[in-house]
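K.L.:
Annotations per Swiss-Prot:
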- 2: N-acetylserine (MOD_RES)
- 23: phosphoserine (MOD_RES)
- 47, 68, 175: Zn(2+) 1 binding site (BINDING)
- 98, 101, 104, 112: Zn(2+) 2 binding site (BINDING)
- 200-205, 224, 229, 270, 293-295, 318-320, 370: NAD(+) binding site (BINDING)
């Protein structure tokens, strides 16, 4: 029996309070309005950005259904939807691509003005919500809310992908892989023969390593305080791995000594102000580029000496690896299907959706790279 046009009751992981476990609740998911799409979720990755919300470092309205890295199948569409249809395999896009705003029309940028990232309302683009739990409205997260068996997104925030793609793997293209890989190949534009430093070896950091290798970097120095991640980093392309706790001097000084004055490209993939500064300082003062990839704590500022940039350094950041989401995600999935890169090494744990709290515990303890939840 078709569910199109009807309210669907399903299970979702609701965050009612900060620093508390998720609660698996029965929620009602309203049908999609015009230019919206309702998706049956198949697989969702647990990303550090979701944990930043739980810990209070990333602010979004509560109660909320988190999750933003996922893949699923279109259940139904609202009036006027033309780019996807029921039955299509899709990836929701936490960075939409409306194609009409100033940012979308700029070939060098991807931070579409329809996003709900910078000053989140916790709604879809029309300012309303599609989730309720026992009659209480529940907020959306960055327009996608993938920790639910069903979700509703705007049409400009979903991409149709190859019908043969394995959703439990390509879900990582919805955030972690694309964010890291694109930061190297598209944002920094790593050059052949260059030297790179990558701070943080989670799923996104390892994807940066993969991007540096694909771009032809000669040296890729991986930096993390968890030595258990070094073997995986080397498997994916790191030429050296170092632990800042093994040195008495600041890690940026160690890296400068290792690289004749500094690396060509550095990446901060943790979200800490101290490592952002170390990443900037370790790149060469005359020609280095440092990229902020990790999500920084809310409402905290860095103070720097402008001379660090005057000498020739470049300091930049990007969301989603600089990729324009709706047009790039299908291409990235096609590249995966053509075996241009593998995602297997990034997925360390697969758990049923109901064990979401266990998955977050694995992330917090550093025992997982990516945990994928299956529905």
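For all residues, glycine too, the Cβ spot is worked out from N, Cα and C.
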K.L.:
If the Zn(2+) 1 site is taken as the center of the Cβ atoms of 47, 68, 175, which further residues of that chain fall within 8 Å of it by their Cβ?
P.N.:
45, 49, 50, 67, 69, 70, 94, 174, 176, 179
K.L.:
Within the chain of residue 270 (NAD(+) binding site), which residues six or more apart in sequence place their C-beta under 8 angstroms from its C-beta?
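P.N.:
The list for residue 270 (NAD(+) binding site) reads 199, 200, 205, 294, given in order along the sequence.
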K.L.:
Would you find the one among the binding-site residues 47, 175, 318 whose Cβ has the most company, meaning other Cβ atoms within 10 Å?
P.N.:
175
K.L.:
Quick one: Cα separation, residue 23 (phosphoserine) versus residue 68 (Zn(2+) 1 binding site), in Å?
P.N.:
18
K.L.:
Just the number: how many Å between the Cα atoms of residue 68 (Zn(2+) 1 binding site) and residue 224 (NAD(+) binding site)?
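P.N.:
Residue 68 (Zn(2+) 1 binding site) and residue 224 (NAD(+) binding site) have their Cα atoms 25 Å apart.
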K.L.:
Using DSSP and collapsing to three states, where does the residue listed as 'phosphoserine' fall: helix, strand or coil?
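P.N.:
For the residue listed as 'phosphoserine' - judged by DSSP and reduced to three states - the answer is strand.
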K.L.:
Using a Cβ cut-off under 8 Å and a sequence separation of 6 or more, which residues in the same chain sit near residue 320 (NAD(+) binding site)?
P.N.:
94, 95, 110, 175, 178, 179, 182
